[in-house]
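Visitor: Provided herewith is a single structure, encoded as structure tokens, for subsequent inquiry.
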Amino acid sequence: MPSTNPFLTLPYEPAFASLGSEFSDPVEAATFPAHQLRFRNDRLLPILGLDPATVTDEHFIEAFGRFQGRSPLLAMRYHGYQFGIYNPDLGDGRGFLYGQVRGRNGWLYDFGTKGSGRTPYSRGGDGKLTLKGGVREVLASEFLQRLGVRTGRCLSLIETGEELWRGDEPSPTRSSVMVRFNRTHIRFGTFERLHYFKRADLVRQLLDHVIATYYSHLLGDPEADAKFYAELTERTADLAAQWMAAGFCHAVLNTDNLSIVGESFDYGPWAFLDRFDPKFTAAYFDHSGRYRYENQPGICQLNLELLQVPLGMVMSAADLEAGIAGFGDRYQATYSRLMLRRLGFEADQLHSAIADDLIITTLQLLLRAPIGYNEFFARLRAQFQPSWRSDLSAILPDWITTDLEALPEAQWQGWRDRYHQLLTHLPESQLPLIQQQLAQANPEIAPIRPVVESVWDPIAIDDNWEPLEALLNRWRHDGDGAADGVVVPNAN
């Protein structure tokens, strides 16, 4: 009898599987003692042409907890530079590619699992995901989506009834399995593995596949390879700028954790800045601070340079150098534009020198003021008044802190004067647009570590999921929300 599960009747495409056995290994999903759907991302279903009202929790569990009705399930092969050291012993260690489906927008999407059991690349691990790890990924990806950052999403999170032991969580801890919704799971490290085995033919095959599938606007262009790398550079620079403006620290920017389409994924010990600290390091095991917040743009550029090694098997050095040459300018332009939006302005409204001066002054203030990074922008959103344009004295410091003695006077006055200066450069008719921009760019609450714990503790102690759902709903509806499609030029 044909399945009535809408996930099992989707028109799956064997895009990655068609590359052949050199790129992946067929695996079996783990079986779990229990299945309880804890999160379902109904906002993604219309992209697949599905009506959330017709998709039941049991449909999610059957497809994404029991993994029935799909084969082959593919553990993808890749290598990578981990903390600067090449590691050839990598691959999908606790997940697999469940399937690929073309959305109504024409884009191909991956369903990729996390916590679905052992694979040939588990390296002695159990292949499982803690429930807290799953909740953390939901929080990170949904908040970044709310900010307009390009990111993979969590489609479902199912608690699976096992006790897991971890060194970085109080144990035993609860288990889960997640299905991610990403544009692709092809990484920089997917190419690096092929270079390791000296397979220029497979580099060529994979590059053709990536261009045809994710950069199809370049098909037929005699300079498609060079333009692909230049565009990947732009996308990666944009992504780094988005993270920095968001105050987001990915924590583990190894080459196997960077997507070939410039999308955030592989969330591990991520963190959002509480206070602004350029040297903040999110991962407890990053003892040298290699992947600290301020290093993220440079690490992204370095990883693009490392990608030149496998791509250099089929591309000229001149094309690769030309492609990466614009990284710095692209990053700075995107970062400036995004920071100005968080301050309520559009870059094309302002003289660049004045705008850049405001950004620098803002960061100098945040270094010393007793206020959180995202908290500052949320309070600016709440306190901004159109009267600030005509009356400098109306811009009072008490919205930053009531402890005015703790506020560095020189930094505060410098910021206030520059913000007022930008307001006077705009016509009065633009003031309502500033308020709208502040609301769209600055959610009222960010998932800094205390907020994450305030959501997790009720789950851990009382199995109370209401605080998580309340926070997610707040992001969905706060400031008119963000679109569920990712707006990136040429992101086909």
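Using the three backbone atoms N, Cα and C, a Cβ is placed for every residue, glycine included.
This is the feature table in Swiss-Prot:
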- Asp256: active site, proton acceptor (ACT_SITE)
- Gly91, Gly93, Arg94, Lys114, Asp126, Gly127, Arg180, Arg187, Asp266: ATP binding site (BINDING)
- Asn257, Asp266: Mg(2+) binding site (BINDING)
Visitor: Starting from the Cα of Asn257 (Mg(2+) binding site), work out which of the binding-site residues (Gly91, Arg94, Asp126, Arg180) are within 10 Å.
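Guide: Those near Asn257 (Mg(2+) binding site) - Cα within 10 Å - do not exist; the answer is none.
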Visitor: Work out how many Å separate Asp126 (ATP binding site) and the residue listed as 'active site, proton acceptor' at their Cα atoms, rounded off.
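Guide: Checking the Cα atoms of Asp126 (ATP binding site) and the residue listed as 'active site, proton acceptor' gives a distance of 20 Å.
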Visitor: Between Asp266 (ATP binding site) and the residue listed as 'active site, proton acceptor', what C-alpha distance do you get in Å?
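Guide: Just about 9 Å between their Cα atoms.
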Visitor: Express in Å, rounded to the nearest integer, the largest CA to CA distance found among the ATP-binding residues Gly91, Gly93, Arg94, Lys114, Asp126, Gly127, Arg180, Arg187, Asp266 named in the record.
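Guide: Farthest Cα pair among residues binding ATP: 23 Å.
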Visitor: Rounded to a whole angstrom, what is the C-alpha distance between Gly91 (ATP binding site) and the residue listed as 'active site, proton acceptor'?
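Guide: Checking the Cα atoms of Gly91 (ATP binding site) and the residue listed as 'active site, proton acceptor' gives a distance of 9 Å.
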Visitor: Work out how many Å separate Arg180 (ATP binding site) and the residue listed as 'active site, proton acceptor' at their Cα atoms, rounded off.
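Guide: Distance (Cα to Cα, whole Å): 17 Å.
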